[in-house]
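Taken from Swiss-Prot, the feature region 'Domain I, interacts with DnaA modulators' applies to 1-103. The annotation region 'Domain II' is assigned in Swiss-Prot to 103-148. Marked as region 'Domain III, AAA+ region' by Swiss-Prot on the basis of sequence analysis: 149-371. Swiss-Prot lists Gly195, Gly197, Lys198, Thr199 with the feature ATP binding site, giving sequence analysis as the kind of evidence. Per Swiss-Prot, the feature region 'Domain IV, binds dsDNA' maps to 372-494.
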Amino acid sequence: MTDVDSKVVGNASLEHPVISEEEGAAAFARVMAQLKAQVGIEAYTSWFGRLKLAEYSRNLVKLSVPTAFLRSWINNHYGSLLTNLWKQENSAILRVEVIVRGMKRVSKAVVCGKNAAPVVLEEKTASSFLENYTEHSVRGVEAGIFGSPLDSRYTFESFVEGSSNRVALAAARSIAEGHKSALRFNPLFIHASVGLGKTHLLQAIAAAALKRLKPARVIYLTAEYFMWRFATAIRDNDALSFKEQLRDIDLLIIDDMQFLQGKSIQNEFCHLLNMLLDSAKQVVVAADRPPSELESLDLRVRSRLQGGVALEIEAPDYEMRLEMLRQRLKVAQQDDNMIVISDEVLQYIAKTILGSGRDIEGAFNQLLFRQSFESDLSLERIDEFLGHLTRSGESKRIRIEEIQRAVARHYNVSKQDLLSNRRTRTVVKPRQVAMYLAKMLTPRSLPEIGRRFGGRDHTTVLHAVRKIEDLVCDDQTLAKELELLKRLIGEQAA
């Protein structure tokens, strides 16, 4: 071992020598693929979609999640499974920890180069996060609000308006300003893909309403926080007090509705929603899909949410992307007036990055970082290090109906045949193929897929999936058909 290598291991940890970031990322991807296969797409998306690798050494794995609730849920329900999967990946692993990411943004996990000692970045523990969370909640109560803390950056003033979000913004302002007309679209349901500004808009409503209402009876909650508070209240025999707090409000704002899980929790939320709407209290909800597609939700909740107005925020156009970059530059220059980025560069990034606002933010942060040690960045160089973003647009979600149409057209049957009880060979095979593709290409659960295929049981869907999986190994014609259908469905959804 060289002197440099000795220093690397010594500085990292004698007990847990650090593995390179590339190795860690590859191992994490393999374990996550195994996890998804075991728990299913829906459970994986709900509970592990925001799981990140924080640290990976020879004997220790640290995974991070954004909330204490997620940490607790994963530890209680999937802790043993995670540990077993990591031990299958690396038999030397002794411990797998799930920690909570801090409120403040931190750099990525440990990086270990050949000629540089690794820096183990500080992560907040669950206990420190809970202390921080409690502090924020106390401040919220003093300001007239309890629940998830608000980010001071998320205001109407900092929200970039454009054609893709103008209607949603107008509705949000109307609610925040207390216009009587707002009750006409109650509840307001805002849906959009990741990174398009849902959370920003919801927190802007809460912040503006808090300033206007005296006393302020406004509650902003993520669905996860609602679940955690409800579970904690039941555990502490304080459910009645919790319900009373929620019912004595003027404005309820719920974010990430797609994560609301559990029959008893959904039942309680349904009662709360009915009570507030029947009392002409304003409700605002956001999710990553429209109410009709939240199939894990109780039918009564979905029905009530569909009774208001659902507005979609779409991906930003060029003008919006450019304005986001200009605003981001102004904020950065307030911290460091030596930062100089030409408008030509901002225009180039706005033209080439076609994804979400989060992609824009990521590109700008990359640019700032590179500029700190590469003073003269050409457009070619920028395109080089932003390549993973410049060619990534937000792909449209594939729907089961689109799969059914494509399969019916390919096999020359009707969509109604796929949903029927007909058992002829000419219908059974296309139906099984469509169910298989629905499982592979969408995040829907087996029961949800069964309902979309004429109200079938989830075991029927599982049988179809396994049947196609068995056949495709030996049937090259079927394998080619599946690849063709996947391509046609992808083109149809693009």
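Glycine too: its Cβ is placed from the backbone N, Cα and C atoms.
The model shown is predicted, which means the values in this text are computed figures rather than measured ones.
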Please average pLDDT over the region 'Domain III, AAA+ region' (149-371) for the predicted structure.
83
If you take the centroid of the Cβ atoms of Gly195, Gly197, Lys198, Thr199, the listed ATP site, which other residues of that chain have their Cβ within 8 Å of it?
Ala192, Val194, Leu196, His200, Leu201, Ala286, Ile313, Ser356, Gly357, Arg358
Is it possible to get the count of other C-beta atoms within 10 angstroms of the C-beta of Gly197 (ATP binding site)?
26
Across every protein chain in view, the count of C-beta atoms other than its own within 10 A of the C-beta of Thr199 (ATP binding site) is 20
Secondary structure at Gly197 (ATP binding site), reduced by DSSP to three states:
coil
Using a 10 Å radius around each Cβ and all protein chains in view, which of these binding-site residues has the most neighbours: Gly195, Lys198?
Lys198
